[in-house]
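Chemist: According to TrEMBL, the record shows the following:
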- 97-140: domain 'DC1' (DOMAIN)
- 213-260: domain 'DC1' (DOMAIN)
- 273-314: domain 'DC1' (DOMAIN)
- 324-374: domain 'DC1' (DOMAIN)
- 409-459: domain 'DC1' (DOMAIN)
- 576-624: domain 'DC1' (DOMAIN)
- 645-686: domain 'DC1-like C-terminal' (DOMAIN)
- 707-761: domain 'Aldehyde oxidase/xanthine dehydrogenase second molybdopterin binding' (DOMAIN)
């Protein structure tokens, strides 16, 4: 393939950077780039192969418009790269703006270019010698000239100072440090951006240009803020023009640099858009786009034969697509027609104008979607399906054997027989394998040969479906291995069936939600998912949620989170012999107080609760269900890397929770395998115990000598010693406060002795901070392990009460590595007991 003939001069040092430039940048090899017909691989700039592409858009590489629109495009990431930017080398030596050091191409966001002061969004050149010098790709391609002798506001020659200096800007722009141009005769200085612009260098700094869309007058080059009488937008594209633009003051005609370099086509013929020729009208004029039905205010493409008008950005609307709210493909049409006269949009639920264009389903008469709604990023996956045949796939979950017998795809080895609910609890210990809820009053399917059950509704869940919260189709996975996962929508832990696509997992309850959604709490109107940017307060639990089902009728304002929308309507609990029904709260504030019979705490009558047959009780939904309601009883789940048995909490004597020290009150309890009687009442308590006490200190026993039931243990006095030095407000006082809070005793019961290193282990003499493992190990040698448990528990509880603890953790099946422990346990809150380093630590 040959090697370039140009080398460095003989006296040039052969640094690694120069060797790399000489060997790699002089030629193209199959190891560096693929052939352009097969796609271009530029690993320094983008991770995916890219195809040759011609585009008028701003480059994602340098965030500029250029005169040559050739480049490369990654469809996966919607990343467009200018060809000139792709040809830049990894290293730049002797750049005029930073000649003393080598610059290296790096992926950095948030920094600011030291030359043009633009924010860097993707790539830049950074000084290899730690000068904190950054330069974007456009300034790298078009370096500032060494000398400028035609600056309009200064008559003398200006010379570039090739390093950051302190100066007083003679243009009174306020900048006083950075790269500058200096006049040797007048001893004045100007920042580079006041004198020179990279865009101007590419355009040869033309003070005037003749534009094809404004032949009456030449356009003048202006910098800074646009005139007050203008709208600050490009006449042709409607985009913000920035601080460099061309303008005609006589006609109030303004265009940005990209319009000067790459003006839109004057006319075009595209049968996919319109049957006749379309011509651009470069004027400010209100119109309605025939493709999307929305208003426009400037420069449409128009048909003079039939009056058709269209936004410029609607020219590229796809023809055939899938949207996440409909199981069939939808196709674009120029006129929806009278069949859609009384239809509403399938996304925003607003009425459509049938005289304009949009998307419609050929299989479902009357199903239409606005063009802009159908192509939203949270509705469409970006794939054009025109010309791709639609594959018919079997999504039916079962085969009908006879009137009461089916063969479900999740249990092919046996038939399932339908059992009709008769208002009486049937086999109350049996649970649905899909949603894990009890088999109750409603009809269900049961295996005739083994212990396998499905609710009638769960049995009808299709094998594949589209969901409003995911743009690609989800597949129903039976989860035969009882994998514990967190639902993407409601964050519930579950080991039942899941709707899955890649790493996105929805439990079968949230995954089966479709539009319109009917809920008995709001019987008169259906609910729809219409995404918004802000969180709203759920009418069921009175908590703020992001994903909401809402009523669209008038000013109703009813919204419901997915977790409340999928709560079971009827449940069975040991607290009552009769089924408990979900009550949707009191419309008005009750005169008396309500108390939960399970936790014996006050309830909010406006929040949903469960009540018994005679409605004499109001029970918290959490108290009735717990956070383990999605885990299959009599199974072994792997929680944070530890095998844990899921057990029904229905015995006469309820065990104590190893963490909260309360009797387990929820329907499900967790037992850590390999221990002697170690139970957790909830996933939250199991998390604290497994992560904090076991993962951080494997030497601790897994069962503690806790006080017997009914016994009271009082700590009257605690003696604390430390190896620190008295300073500031008093180290003794701070240590005493920590000890009093940790052991939940009065401050006057804590005594701090003088520093005496013979009473503590050696590492306390030199470090004020010790790891959790060291702290627990040292304290265990002096006092009962149960007190250690209380100390750590109370410290974390105090922190939670002070600032709140995030409810989302990493997945239950994730191994508890030190980094993940740190993220899960300590990054969620701030506590005086916690200081952060590479791993969690407790402050002494």
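The backbone N, Cα and C atoms fix where each Cβ goes, glycine too.
Keep in mind that this is a model prediction, so the values were computed, not measured.
Could you place the listed features in the three-dimensional structure?
Modeler: Mapped onto DSSP helix, strand and coil, the domain 'DC1' (97-140) counts 4 helix, 15 strand, 25 coil.
Over the domain 'DC1' (213-260) the predicted model carries a mean pLDDT of 85.
Under DSSP, the residues of the domain 'DC1' (324-374) split into helix, strand and coil as follows: 7 helix, 12 strand, 32 coil.
In the domain 'DC1' (409-459), helix, strand and coil residues by DSSP number 4 helix, 13 strand, 34 coil.
Taken through DSSP, the domain 'DC1-like C-terminal' (645-686) splits into 4 helix, 14 strand, 24 coil.
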Chemist: What is the three-state DSSP composition of the domain 'DC1' (273-314), stated as helix, strand and coil residue counts?
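Modeler: Counting residues by DSSP class gives 3 helix, 16 strand, 23 coil.
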